[in-house]
Amino acid sequence: MRKFAYCKVVLATSLVWVLLDMFLLLYFSECNKCEEKKERGLPAGDVLELVQKPHEGPGEMGKPVVIPKEDQEKMKEMFKINQFNLMASEMIAFNRSLPDVRLEGCKTKVYPDSLPTTSVVIVFHNEAWSTLLRTVHSVINRSPRHMIEEIVLVDDASERDFLKRPLESYVKKLKVPVHVIRMEQRSGLIRARLKGAAVSKGQVITFLDAHCECTVGWLEPLLARIKHDRRTVVCPIIDVISDDTFEYMAGSDMTYGGFNWKLNFRWYPVPQREMDRRKGDRTLPVRTPTMAGGLFSIDRDYFQEIGTYDAGMDIWGGENLEISFRIWQCGGTLEIVTCSHVGHVFRKATPYTFPGGTGQIINKNNRRLAEVWMDEFKNFFYIISPGVTKVDYGDISSRVGLRHKLQCKPFSWYLENIYPDSQIPRHYFSLGEIRNVETNQCLDNMARKENEKVGIFNCHGMGGNQVFSYTANKEIRTDDLCLDVSKLNGPVTMLKCHHLKGNQLWEYDPVKLTLQHVNSNQCLDKATEEDSQVPSIRDCTGSRSQQWLLRNVTLPEIF
């Protein structure tokens, strides 16, 4: 009996295990089918394994790449090729994982299903294989498949063999149509982008540089804004990819685009008025006066309507401000979409050379945008950069005609309504040199940067570094920097203008010719013997060394 009972227990236990095995087999078989159905039903870009799963390997999750000491010399030599750490880039996978750097409120936003399609246009010239293909793979892996019409790679006359047939063979295997378009000769970013835009088929054109990495959820918020209003031109937050280590660092949603006196693009803090307009919701787009220009999306038809790029501009430089002014002045809107993040390798120097040099090219381009879009404010720019007035800027009649056709607003409207915190002083007592009566020398910013001392040098009468504005707010400005003194008998430093008076408040007496620093009650004096090129403040004595002539610079002769 015992033996029979024991057999029954063994048999029953075995039966339980058999039934359990069958259940598990059927369960996981069905789960696999469900997963297969789920993956087939989702757009390729929504399967986020390549995006969110941490991988092992150099640079994964955006971590910095550390080069061993024994390879440092080779790394330095390779760095010169593209002006970034090529060795580090080649160690990183094309589909490396990146952190989700979006604001928490962005991660739960829901976008319409019927968003427009986009063609992604990427111009390259002698780009590194690894950075170019990492850009392409990040677009494919992190974008809903049905939203990507195509990727258009425009080769601006590259000389490297691997960017010829090997590139064409590689991109044919990708799951998104990728077209390689060749420029017959070196044409520059502007004309190469125009070529890419001309062959694109998507409802939206998205321009990217050739050394970018898109993050999860980058595309939908851009397309959603254009669907909401086709005259809205949108930029992602541009995250920083280190040129030294390829570390991925989130960009700030608290900065927007502006420009300085020399029409150089600059990032500035988002002003309080824009925060108030968004009611403090940082997930809402920021209206930006200008864009950096490398990364943006625009409705394809609208791009044509507002005049694409100025084809009379050469190579690169100034085109971002020109299109920014045009968008705003001609009825469009320019935004930074804070829920979209795209990384960009920021280089300290360019590896490219340009016929005639970059200075000549940028001067020509800036002259064109000033003549067409800046009205009387162009004269302010010419005083700051008199060399611009000497360049041949070509025929602008078609661009002037475009402005009239589109019935665009004046530049004064742009400054008052879109960029009231512009660095261009609209109300001032003087704009020009500040000359010391005793030494006959002029204040000079010496091309120094923020937190450095203002200088004094022989007056040259050519504007540029010796142009200062004594504003209606009683600031002494040189570009976006104001003369600031923080201690008695101290030197005069240049700090960002804060418009709060304090250490940046100066009182000019046109009779005594003194510039009195109000907070300290001392007067601006000539340089001391200890430091012959740095003025300071001293107790007011009425001496000639404390007398200054504020002279308006006359407009240079314009050709």
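Sequential numbering from 1, following the chain as shown.
Using N, Cα and C of the backbone, Cβ positions are placed for all residues, glycine too.
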Q) Considering the Mn(2+) binding residues ASP209, HIS211 given in Swiss-Prot, which of HIS55, HIS341, HIS344 is annotated for that site as well? A) HIS344
Q. According to Swiss-Prot, ARG186, TRP316, ARG347, TYR352 bind substrate; which one of ASP155, ASP156, ASP276, ASP281 is listed for that same site?
A. ASP156
Q) Out of ASN95, ASN141, which one does Swiss-Prot list as N-linked glycosylation site? A) ASN95
Q: Can you sort out which of CYS497, CYS523 is the disulfide partner Swiss-Prot gives for CYS540?
A: CYS523
Q. CYS339 pairs with which of CYS34, CYS106, CYS482, CYS497 in a disulfide, per Swiss-Prot?
A. CYS106
Q) For ASN552 (N-linked glycosylation site), which of the binding-site residues ASP156, ARG186, TRP316, ARG347, TYR352 has the nearest Cα in space? A) TRP316
Q. When the domain 'Ricin B-type lectin' (429-551) is classified with DSSP, how many of its residues are helical, how many are strand and how many are coil?
A. 9 helix, 55 strand, 59 coil
Q) Long-range same-chain neighbours of ARG347 (substrate binding site), Cβ under 8 Å, sequence gap at least 6? A) ASN82, GLN83, PHE84, ASP243
Q. Hey, how far is ASP156 (substrate binding site) from ASN95 (N-linked glycosylation site), Cα to Cα, in Å?
A. 25
Q) When you measure from the Cβ of ASN552 (N-linked glycosylation site), how many other Cβ atoms are you left with inside 10 Å? A) 13
Q.
Can you tell me which of the binding-site residues ARG186, TRP316, TYR352 is spatially closest to ASN95 (N-linked glycosylation site)? Compare CA atoms only.
A. TYR352
Q. How many other Cβ atoms sit within 10 Å of the Cβ of TYR352 (substrate binding site)?
A. 15
